[in-house]
Amino acid sequence: PRVCVVGSGPAGFYTAQHILKHHGGALVDIYEKLPVPFGLVRFGVAPDHPEVKNVTNTFTQTARSGRCGFYGNVTVGRDVTVPELQQAYHAVVLSYGAEDNRVLGIPGENLPGVYSARAFVGWYNGLPENQDLKPDLSCETALILGHGNVALDIARILLSPLQLLRKTDITDSSLAALACSKVKRVWLVGRRGPLQVAFTIKELREMINLPGARAVLDPADFKGLESAVKDASRPRKRLTELMIKTALEKPVEMQAAAAGAAAPREWGLKFQRSPQEVLPSADGRRARGVRMALTRLEGSGDSAKAIPTGDVEELECGLVLSSIGYRSLPLDPAVPFDSQRGVIPNSSGRVEGVPGLYCSGWVKRGPTGVIITTMNDSFDTAQSLLEDLQGGVLDISPSREGFGLVESILHSRGVRPVSFSDWEKIDAAEVARGKAAGKPREKIVDPAEMLRIIGH
């Protein structure tokens, strides 16, 4: 059987890995729109979390397997359509992730100084489409809307001492911008309370221990939570206990500040506030703050809803980052898509009403979870596909040409795919440039330059 996987992030690679491991004869081709693989492992994981990127070693082993092909620089839906892939392969798996962000839907969100978390993360991680972002970091206070790990990542990058970032694979240009940054205070704002935050304890602890930055948590926000958290799951309990402990601690810096020392950078969590409007500066040219509706919670735990109380407050800030989630986009008119939920309708990865078409990762279940969640989800989709092969649901009697057919289609459209060994040349160039700068790598951010390196 010939299988094609669209997208080379964790979902795509884990799907391919599972199929190759559990079917001794399957041939899997992975298509990727960028000239470089690994999706959010390369462009989403924070530069100061290199250990999370080690999964690329496993992905590289998969790509080097004799039964796996990698074709970068190919945009499915434009360079080749999904029906054309279905002609070339016995099964097609869509694992292209979530390449858009959810919008706030409030006045002023398009003012200069307001950015999506997705674009900001893409900017410091070298995602080609975000290289011209040039975020304005000339203000002292930044406001991040959202209480997830991405929000904490951004806060950490904004407040990290430069000497820590210099040793990472953060892009050169964003490092230069951060070196001139005036931001010294970051607020992370959420609509709900401390019991509903979506970040994990590891990320919170890292933020609390960030050198040169102090946590500002209001003890009043945590009143009575010790009893409320008794029945919560262990991770939720430990996370809440850490917030309470941090809120009640009198930091050493307080005494230092009282003695006239310069106040360090600081960050804090604000709860039960829902953004109503990004407020423009007097000349209307940029953001100067956010008006928030104060909320009260109805219900408890994860299902608690934030209801506006009628009271509002304004928070002054010159930089607003909206971290309220990523969203998937439809890829091809031939593929069913639920635009309400931003996913491809499916059951255990089988796309509804289209035999032979599957999906895995964020486009299958929505943009949540960490790499391990995606791994299990992708194995689940691969398992469905293998069961369909075994049960004869997938007809593999007609031989399919696989990449042979796709190659001629791409050739006729002037598209030159990038192979995995091509990527390894780009990789080597990045590592060499990084070495010269004392970094693990210096990412090349211009696709044209990537293609020049491999002689395309």
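Including glycine, each Cβ sits where the backbone N, Cα and C put it.
Pulled from TrEMBL, these are the features on record:
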- 2-158: domain 'FAD/NAD(P)-binding' (DOMAIN)
- Ala11, Glu32, Leu40, Val76, Trp362, Gly369, Val370, Ile371: FAD binding site (BINDING)
- His147, Gly148, Asn149, Val150, Arg191, Arg192, Glu203, Gly369: NADP(+) binding site (BINDING)
Item to check | Site extent for FAD (largest Cα pair distance over Ala11, Glu32, Leu40, Val76, Trp362, Gly369, Val370, Ile371, Å) | outcome: 25
Next on the checklist: Please compute the mean pLDDT of the model over the domain 'FAD/NAD(P)-binding' (2-158).
Outcome noted: 97
Item to check | Cβ neighbour count within 10 Å of Val150 (NADP(+) binding site) | outcome: 24
Item to check | Listed binding-site residues His147, Gly148, Asn149, Arg191, Arg192, filtered to Cα within 10 Å of Ile371 (FAD binding site) | outcome: none
Item to check | Cα proximity to Arg192 (NADP(+) binding site), best match among binding-site residues Ala11, Glu32, Trp362, Val370 | outcome: Val370
Checklist entry - Hey, what's the Cβ neighbour count for Asn149 (NADP(+) binding site) at 10 Å? => result 18
Checklist entry - Of the binding-site residues His147, Val150, Arg191, Glu203, which sits closest to Glu32 (FAD binding site) by Cα distance? => result Val150
Next on the checklist: If you count CB neighbours within 10 Å, which one among the binding-site residues Ala11, Val76, Ile371 has the smallest count?
Outcome noted: Ile371
Checklist outcome for this item: The sparsest Cβ environment within 10 Å, among the binding-site residues His147, Arg191, Arg192, is found at Arg192
Item to check | Among Glu32, Glu203, which are binding-site residues, the residue with the most C-beta atoms within 10 angstroms of its C-beta | outcome: Glu32
Checklist entry - Within 10 Å of the Cβ of Leu40 (FAD binding site), how many other Cβ atoms can be counted across all chains shown? => result 22
Checklist entry - Cα distance, Leu40 (FAD binding site) to Glu203 (NADP(+) binding site), nearest Å? => result 17
Item to check | NADP(+) site span - longest C-alpha distance across His147, Gly148, Asn149, Val150, Arg191, Arg192, Glu203, Gly369, in Å | outcome: 20
Checklist entry - Could you tell me the C-alpha distance between Gly148 (NADP(+) binding site) and Trp362 (FAD binding site) in angstrom, no decimals? => result 16
Next on the checklist: Can you tell me the CA-to-CA distance separating Val150 (NADP(+) binding site) and Val76 (FAD binding site), as a whole number of Å?
Outcome noted: 28
